[in-house]
Amino acid sequence: FQVLLIFAKEDSQSDGFWWACDRAGYRCNIARTPESALECFLDKHHEIIVIDHRQTRNFDAEAVCRSIRATNPSEHTVILAVVSQASGDHEEASVLPLLHAGFNRRFMENSSIIACYNELIQIEHGEVRSQFKLRACNSVFTALDHCHEAIEITSDDHVIQYVNPAFERMMGYHKGELLGKELAELPKSDKNRADLLDTINTCIKKGKEWQGVYYARRKSGDSIQQHVKITPVIGQGGKIRHFVSLKKLCCTTDNNKQIHKIHRDSGDNSQTESHSFRYKNRRKESIDVKSISSRGSDAPSLQNRRYPSMARIHSMTIEAPITKVINIINAAQENSPVTVAEALDRVLEILRTTELYSPQLGTKDEDPHTSDLVGGLMTDGLRRLSGNEYVFTKNVHQSHSHLAMPITINDVPPCIAQLLDNEESWEFNIFELEAVTHKRPLVYLGLKVFSRFGVCEFLHCSETTLRAWLQVIEANYHSSNAYHNSTHAADVLHATAFFLGKERVKGSLDQLDEVAALIAATVHDVDHPGRTNSFLCNAGSELAVLYNDTAVLESHHTALAFQLTVKDSKCNIFKNIDRNHYRTLRQAIIDMVLATEMTKHFEHVNKFVNSINKPLAAETEGSDCECNPTGKNFPENQILIKRMMIKCADVANPCRPLDLCIEWAGRISEEYFAQTDEEKRQGLPVVMPVFDRNTCSIPKSQISFIDYFITDMFDAWDAFAHLPALMQHLADNYKHWKTLDDLKCKSLRLPSDS
C-alpha cells in the first residue's frame, strides 16, 4: 500500500502525513516538484496521493493533479488536496473546483499525526478498497471476454449491460447493437411455449436461479436451442441489481447447422475440428471426465494426452481435511480486509509446507557457550523448533515494532544515521546500533553497507527490494539467542565490509565476489537455533537427519536464505540478474557460508597459508617465484581469500576493542551455558563440559579459544590484508583474559571493574 506526498517544502503538515503513513504501515514517497511527482507516480502507481494545495507560489496543485489524472494508472488512485484553514471572516470555499481538477477529497490543514492517520485510514477503508474492487473488475471482464460460454448481463429491469464475444458469435449481433436495449426489444423465437417467459421472470424476481432449455432468435432470424442458466445478483440494500445469463447451445441437428453458419459469419477459419463436436462438448471439456477420456486416444499430441489426467484430478470427490481447510481460508480471504488477507496468505504458506505434519521438538530459546572448544566445535552434532514456528513468530513480533522502517538509506532516523556515519571504522560499536534500532541493526547497517558497495546497481534491483530482503532475513534471526542473533550477523557484515576495503583484498576480488561476500555475511547464521551442530546431531534433530550430520547448520542457513529470497518477488534481490550470474553468485555465497563450519577450520587456514601467504612472502622477499597469489587469473585463490575473510569476520570478537570483546564473550558463554543445561535436562551427551554455568571460567575459555583457533588464523590473515589495529586489540584482549585467569577470576571482569 503506497502513498505519494507532493509538498514543495518540508513542514509540519508533510511530516504529519509521513509519520501517519509510518504508523499505518504504508510505504511513503515524497516529491518536491511536479516533474518528480509524475515520474515517481508512473514508477510506483500509488494508491493515495496527497498534494499541498495551500499555496500557489511553488507549483499549481490543480495542474499537478490534472497531469496525474491524464495518465492511465491514475484511474484507481485517490488524490487528496491539503487546503488552508478558512479564516473566520471568509466563507468556506466550494469543493467543486477541486473535484473538476481531479481531486477526490479535501483535507483541511492539520499537522496532527492522528488527524492525518485518521484521514488515510478512512480513505483506505472507503475509496481505496472500492478502487481495488474496480481494479479487479478488469480481470473479471478479461476472463469473461475469453470465456467459451455465451454470457449476458442485464440490469434488474432487463436492460442489456454486457455481452461477451462468445455471445456475439452465438447470436450474430455486435455488442454495440445490444448494449442499452431492453430484452423485450429483441426478436423472440416462436418455438417457446407461451408461458415460459412468465415462468422465468417469476422465478428470478424471487431471487432464485432458473435454468432450462430456451429457444433464442439470432440476428439472421434463425432459432437456436440453448441451455440457459439465469442467476439473480443481490446488490445494495439486499435488492436484485443484475441478472447474469450463461448460455450454451443444445446438441440438435438444427443447431449443428446453425453452428456451422455461426462459424462462417465470424470469419474464423483457423480451427478445423468439427464445430458441432466442439460446441457439443464445450462444457464437458472442463468437467466431464468420461467424455475427455474417451477422446484421449483420438488426439496423438502430448498436450491432449495430459488432459484426461488433469480432468480426473480436478473432478476428484475425495478431499483431504487439509484441502478443505485451505479452501475455507481461500473463501474467507475474498471478503477480508487487506491486513487479514495478508495474514491468511502466510497461514496458507505454512499449511502448504512439507513440514506441516512433522513433530515439533521443543527447545528453549536461550542458548550455548564455549569450553571443550575443540571437541564441541570441531564435531558435528541440532535441535530446533519448527522453522514455520520461528519465521511466523518473528514476523508477528516484527509488525509490532515501534521503530519506523526506512524507505531508503536517506530516510534513516537521525539518531541511527549519526551512528552509521562511523560504520567504516573498526571501532564501530554494533551494540549501540542494536540498542537504538530495538534489536534490528541488520536492516540499517545492511542498507548503508550495500549502498556503499553498489550492490543494488550490480544486482539491478531497487532499494525497496533490498530493504524488503534485509527485513525478511533479519526476521528469521532469533532475537532470543544470546549470541547467534541479527546483531552477530550485522557484526560479521561490518567486519566483512571492513576487510573488503583493504587494499590487497580489494585488488584480489571482482565486484561479484564483493557482493557475494556481503550477502553471505548477512545470511550466514539465519535461523540459527542457538545450539551447536554437535547438539543437533546428538539430539537426532530433523535438520541433522536431513543433512546427514554434516555441516548441518551451515547447510540450513544457505538453503533457507535462498528459499526466503526467491519465494517472494518483493524481496528477491536476484530476480533481475541473468542465470549465469545468478549461478556464479549463488555458488560463491554457498561456499563462503559453508566455510564458517568449524570442522574444516584447520584445512581452510592451512590452504590459505600454503597457497596465499607463502607465495606472497616469497614474492615480497624477491625470490624467483613469479606466481601472483592475488591475481584475478587464479579463481582458486579468490575462493581461498573469500573463505578466509568470512571465517575471520565470523570470529573477529577477540580482535574488537576490549569492551566489545567482553560483551561478545559474555553472550557466547551464556549461549553455551544454556546448551549444557539443555543437554543435562534431556540426558544428552554434554559436548562442552567446561561450559557449566556453575563452574566455568570464562577467561580460560577465551584463552583456549584464542590459542586454538584465533591466533594462527589472524596471523595468516594479517600477513595478507595488513591489519595492525586488529592484532593490537587481540594482544590487549588476550592480556585481559590472562590477567583475570592469573587472579583466579572466572567472570568477564574483576569484581571491582564491574
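Just so you know, glycine gets a Cβ as well, placed from its N, Cα and C.
Taken straight from TrEMBL:
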type     : residues                                                       : note
ACT_SITE : His484                                                         : active site, proton donor
BINDING  : His484, Asn485, Ser486, Thr487, His488, Asp525, Asp650, Gln702 : AMP binding site
BINDING  : Asp525                                                         : Zn(2+) 2 binding site
COMPBIAS : 291-306                                                        : compositional bias 'Polar residues'
DOMAIN   : 143-207                                                        : domain 'PAS'
DOMAIN   : 408-744                                                        : domain 'PDEase'
REGION   : 261-306                                                        : region 'Disordered'
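Taking the features listed in TrEMBL, we show where each one sits on the structure.
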residue : record                    : CB count, 10 Å
His484  : active site, proton donor : 24
Asn485  : AMP binding site          : 24
Ser486  : AMP binding site          : 29
Thr487  : AMP binding site          : 27
His488  : AMP binding site          : 25
Asp525  : AMP binding site          : 25
Asp650  : AMP binding site          : 22
Gln702  : AMP binding site          : 29
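Residues His484, Asn485, Ser486, Thr487, His488, Asp525, Asp650, Gln702, recorded as binding AMP, reach a greatest CA to CA spacing of 22 Å. Across the domain 'PAS' (143-207), DSSP helix (H, G, I), strand (E, B) and coil residues number 26 helix, 13 strand, 26 coil. The Cα of His484 (active site, proton donor) lies closest to that of Asp525, out of the binding-site residues Asp525, Asp650, Gln702.
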